[in-house]
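Annotated active site, nucleophile per Swiss-Prot: E264, in sequence order, evidence recorded as similarity to another entry. Per Swiss-Prot, compositional bias 'Low complexity' is recorded for 349-377. According to Swiss-Prot, the feature disulfide bond maps to C392-C455, an assignment based on similarity to another entry. Here Swiss-Prot flags N127, N336, N357, N375, N485, N491, N495 as N-linked glycosylation site, drawing on sequence analysis. According to Swiss-Prot, the GPI-anchor amidated serine annotation covers S507. The annotation region 'Disordered' is assigned in Swiss-Prot to 348-379. Taken from Swiss-Prot, the feature signal peptide covers 1-24.
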Amino acid sequence: MGQRLNLVFWIFVSILAFLNFGMASKIGICYGRNADNLPSPNRVSELIQHLNIKFVRIYDANIDVLKAFANTGIELMIGVPNADLLAFAQFQSNVDTWLSNNILPYYPSTKITSISVGLEVTEAPDNATGLVLPAMRNIHTALKKSGLDKKIKISSSHSLAILSRSFPPSSASFSKKHSAFLKPMLEFLVENESPFMIDLYPYYAYRDSTEKVPLEYALFESSSQVVDPATGLLYSNMFDAQLDAIYFALTAMSFKTVKVMVTESGWPSKGSPKETAATPENALAYNTNLIRHVIGDPGTPAKPGEEIDVYLFSLFNENRKPGIESERNWGMFYANGTNVYALDFTGENTTPVSPTNSTTGTSPSPSSSPIINGNSTVTIGGGGGGGTKKWCIASSQASVTELQTALDWACGPGNVDCSAVQPDQPCFEPDTVLSHASYAFNTYYQQSGASSIDCSFNGASVEVDKDPSYGNCLYMIAPATDGFNRTMAGNITGNITAIDSPLASPSSTNEAFRQMVVAVSVLLPCFVVCSSIW
């Protein structure tokens, strides 16, 4: 009897191991908030769910953001900013209080799975490397008290500059000046089965060495390969070469088994005059090819088939970030919700992307294209469903005072995102109250259901059947809906109108069915064997 139970037990263990082995690499998104006029966290959560993104990185533990992701199933990586490292490292009580206030009230409804302690501390001007490990240990102690030390992983993200050399990959090594910091931190990661977090940016390597690095090599578009003379390994793209450099550096320090997670990678869509490769076309090409590579062809030349999790940087352009122009233009979306370029996050679209090698950087403008994700669409600008299309605009007969009063209400209590009519935004010109009010009135009208009563504004507005959009200023239009679609009131922004229900997207349904078939095909023989045993 005991032998039979043991046999059944090990059969099921083997099955679970097999199913776990088949798990795919993961694509996540970085949700930075160093910008003005971003959509509310609730609206951002809606957008991320629609895009079917299951993994999100934030850079603090903002309560409003944590609440917005509650009960979504999205796995959240939260951050401890560099400015908080001293307090976290000095006193356990500080960390205990932080955990009690910022984590425990929202967990597990908000699925927090990891904490990144500090951001690229080796490159920070205040040199806070000595604070990272004490802070990590205090966080681990606090999590252990709450029984969460096995459920929430702790690590710290680094830039590639932590290496003293990165090419050829086999000769890569960590900088000696960081060895005193790295070795005990890596021991902590091994002890707690946490990943080594690295931010990889082939863009910077290309920008700083355009005469040596082909753009195609940085964009996953190269038809030739670079050889590592020591190993003979061939590299067709820079991302793999950078990632293998990390693997080799870890091996050189006797930490070969540490899992690596890429916590940032992306490409800017706009840059300074000298950053000619910072274009929307190249950003789309890099991120599209990165997703396809990670999902469809996992691993690197040194570690073929190795599962690797990658977080794309970033969801939004962040206009408050200091530095050169490209620093503020890594996002897939503008702050007003229009897409900088339409990225397929699934990796299933095989349409070729066309990078550009322009001699002058181009300035991306808000797109009027739908954002396609599988078979679901977010309609941008003057799209919409069937039936008579109507818009609500400001009446030319209304006084400036009446228009301004109604505009202030729409952008305030009316909950309209009016960032599109701010300076340097697509609907700022013409800079008149009549024009700005028209945009705000229509956004409120469409978000509220596009009924005549929603276009009253005390007589300061009128309904029209001609699309008032002009240039890059796109007016929302609410599409016709049926039992399978839903119109969002208080949507992502004035330019995102409606989304198919993300509750059962075709891609997720197909994947669930595929996994079920695999499970049944493996379990069924087991049941036959088990029946014969009994």
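Backbone N, Cα and C define each Cβ position, glycine as well.
Taken residue by residue with DSSP, E264 (active site, nucleophile) is part of a strand. Neighbour counts were taken as the number of other C-beta atoms within 10 angstroms of each residue's C-beta; across the disulfide-bonded residues C392, C455, the minimum falls on C455. Here the Cα atom of N127 (N-linked glycosylation site) is found 55 Å from that of C392 (disulfide bond). Note on the glycosylation sites N127, N336: the fewest other CB atoms within 10 A surround the CB of N127. With E264 (active site, nucleophile) as the anchor, the candidate recorded positions are N336, C392, C455, and the one with the nearest CA is N336. All protein chains considered, the CB of E264 (active site, nucleophile) has 22 other CB atoms within 10 Å. In the three-state DSSP scheme, C392 (disulfide bond) is classed as strand. N336 (N-linked glycosylation site) falls outside any helix or strand according to DSSP and counts as coil.
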